[in-house]
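Encoded as structure tokens, the structure appears first; notes follow it.
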Amino acid sequence: MGLLLSTKPTQSEIIEKSSSSSTPAPPESQSQIIDSSAAEMGQEDPKKEKEQSQQGGSGKVIDAVWGEIDLSDGSGPNYRNLSWVKASVLEVKTQIGLGVLGLPAALNTLGFVPGILCILAIAIIITWSDYVVGTFKMNHPEVYTVADVGYIMFGPWGREILGFAYLLEVVATGGASFLSISVAFNAITDHATCSVVWAIIGAVAVGILSSIQTLGKISWLGWVGLVSIMSAIITLMIGVGISSKPSLAPEGIQGVDWQITTQAVAHPSFVEGINAVCIIIFAYAGTPNFFNIVGEMKNPEDFTKSVLVGQTAITTIYLVVAAVVYHYVGQYIASPALGSAGVVLKRVCYGLALPGLAVGGTLFMHVAAKYIFVRVLRNSRHLAKNTPTHYFAWYGCVILVCAVGFIIAEAIPFFNDLLSLIGALLATVICIQMEAFMWMWDNIRSPTRGTLSWNLLMAMNILFFVLGWFLMIAGTYGSVVTINDNFKSGDVGSAFSCADNS
């Protein structure tokens with residue numbers, strides 16, 4: 001794209017050079033702050049990790065994160081086998097889920113024109129953030145998660161703080177998938193059993209799928225999940241288009257007793273407006289998982305291509321779904337939106353969406369488990385070898401994150417409101433502010449500093465950084481107000497409730 005203002009070699013170039021020469025290229029220099037931080041942590045210097053990534057041999061890849069990956073004897077999982085097409089599918093599925101069906105409600109709150117403009121604006125900001133993830137990874141091959149970025153920029157404290165924020169967000173989002181699965185089963189079976197039972201079934205299914213060791217092998221589930229969710233969404237759009245009236249519209253004659261109203265420009269309160277904007281942000285909040293995706297790509301330099309394809313596809317889907325459903329349903333949008341076309345189609349849509357809900361939870365629980373797994377076994381031969389320690393650590397991490405996600409989702413009576421609060425507090429920081437700062441960190445001393453392109457990009461990133469903080473503060477305020485209102489009205493559930501949540 002011409003936006004990477006750096007002359008550092010790509011990972012594939014490093015490996016190719018190392019295959020033809022036994023003498024590794026000199027490592028890139030890094031700041032003294034990073035060197036001293038590595039010494040304080042008692043961990044291997046990032047420069048040494050880069051030196052390691054420059055060595056390779058026949059049938060082997062030396063990766064700055066995974067160490068030696070032997071492709072010749074199958075002695076360990078291949079953590080570098082993800083193509084850019086599979087990466088695009090995972091990027092789309094990481095973001096798209098039933099959250100897309102919150103977009104028509106956002107348009108109802110903001111109005112058609114402001115809502116569409118907000119979707120486009122946030123798409124541009126998040127696409128830039130996703131692009132920066134790839135360039136930062138190319139400049140710092142030792143990065144695998146948000147926590148590694150925190151370590152590079154802020155030292156040990158940055159690693160722990162950002163790592164905790166990242167883990168909390170992905171585990172909570174994965175836990176929410178268990179509730180979504182219970183909602184789907186309740187809708188399909190007309191609440192045939194306790195909702196907690198359905199959530200347990202969802203947690204077990206997600207846990208089994210999450211235990212697949214690499215994103216390359218898990219990518220086929222991305223296709224299944226994408227087809228599943230898209231089938232449900234298309235069925236919903238057809239249903240609301242041919243239905244005589246929305247399911248929430250009152251009985252009577254259209255135009256006399258009820259009438260669908262769509263607004264070009266609405267006039268919401270500040271809290272209503274910012275909550276609607278946060279719905280759109282959450283629909284794009286898959287950026288933290290992109291570190292894992294680029295970290296397991298066969299050719300990381302193709303990451304930008306995968307981002308452009310994935311973000312174009314998902315933005316097109318969001319615009320079409322939001323506009324079509326809002327046009328045919330208007331103010332009578334149901335929550336969840338799959339109920340907007342009536343009871344029968346609600347069951348059909350949830351049946352179609354069920355595999356997609358499981359895959360969505362799988363991706364979040366997989367990356368959460370992988371974060372802990374890499375932290376525990378990094379710089380150990382067990383990380384990329386099929387040893388008993390490797391298997392025990394991996395499956396233990398999967399069970400741990402699924403159990404924690406299930407407990408916080410079921411034990412907290414106001415979990416949905418808490419999830420909104422976590423998203424408002426953390427999603428913008430991890431998806432917007434951090435990436436803007438990453439670009440500034442990598443390019444503040446660029447040789448092109450002072451040129452027109454550098455000045456424009458620096459101004460854009462400063463704008464995104466400031467805007468992200470505003471959205472975080474305003475979104476957190478809106479979520480707190482909503483939680484407080486729900487407590488006052490008594491609209492709060494109970495822990496491990498068997499009640500029908502569909």
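In case you wondered, yes, glycine gets a Cβ from its N, Cα and C as well.
Whatever TrEMBL says is automated annotation, not expert-curated.
Fair warning: this is a prediction, and the values are worked out from it, not measured in the lab.
Residues or ranges marked as compositional bias 'Low complexity' by TrEMBL: 10-32. TrEMBL lists 81-480 with the feature domain 'Amino acid transporter transmembrane'. Taken from TrEMBL, the feature region 'Disordered' applies to 1-58. The transmembrane segment annotation in TrEMBL covers 105-128, 161-185, 192-212, 218-240, 307-330, 350-372, 392-412, 418-440, 452-477.
Taking residue pairs at least 6 apart in sequence, the transmembrane segment (350-372) and the transmembrane segment (218-240) share three or more C-beta contacts under 8 angstroms. Listed stretches 105-128, 161-185, 307-330, 350-372, 452-477 were compared with the transmembrane segment (192-212); the greatest number of C-beta pairs under 8 angstroms is found for 161-185.
For the transmembrane segment (350-372), the partner stretch with the highest count of Cβ pairs under 8 angstroms, out of 161-185, 307-330, 392-412, 418-440, is 161-185. Put simply, of 105-128, 307-330, 392-412, 418-440, the stretch with the most CB pairs closer than 8 A to the transmembrane segment (161-185) is 392-412.
Taking Cβ pairs closer than 8 Å, the transmembrane segment (105-128) reaches residues 262-266, 268, 272-273, 275-277, 279-281, 284, 287, 307-308, 311, 315, 318-319, 322-323, 326, 330-331, 333, 335, 337, 431-432, 435, 460, 464, 467 in its own chain, all 6 or more past its ends.
Outside the transmembrane segment (418-440) by six or more residues, the chain places 125-126, 128-130, 132-133, 135-136, 146, 149, 153, 162, 165-166, 168-169, 172-173, 176, 275, 278, 281-282, 284-285, 287-288, 412, 457-458, 461-462, 464-465, 467-469, 471-472, 475-476, 478-480, 482-483 with a CB less than 8 A from a CB of the stretch. Remote same-chain partners of the transmembrane segment (392-412), defined as residues 6 or more beyond its termini with a Cβ less than 8 Å from a stretch Cβ, comprise 171-172, 174-176, 178-179, 196, 199-200, 203, 206-207, 210-211, 213, 365-366, 368-370, 372-373, 376-377, 382, 418, 495-496.
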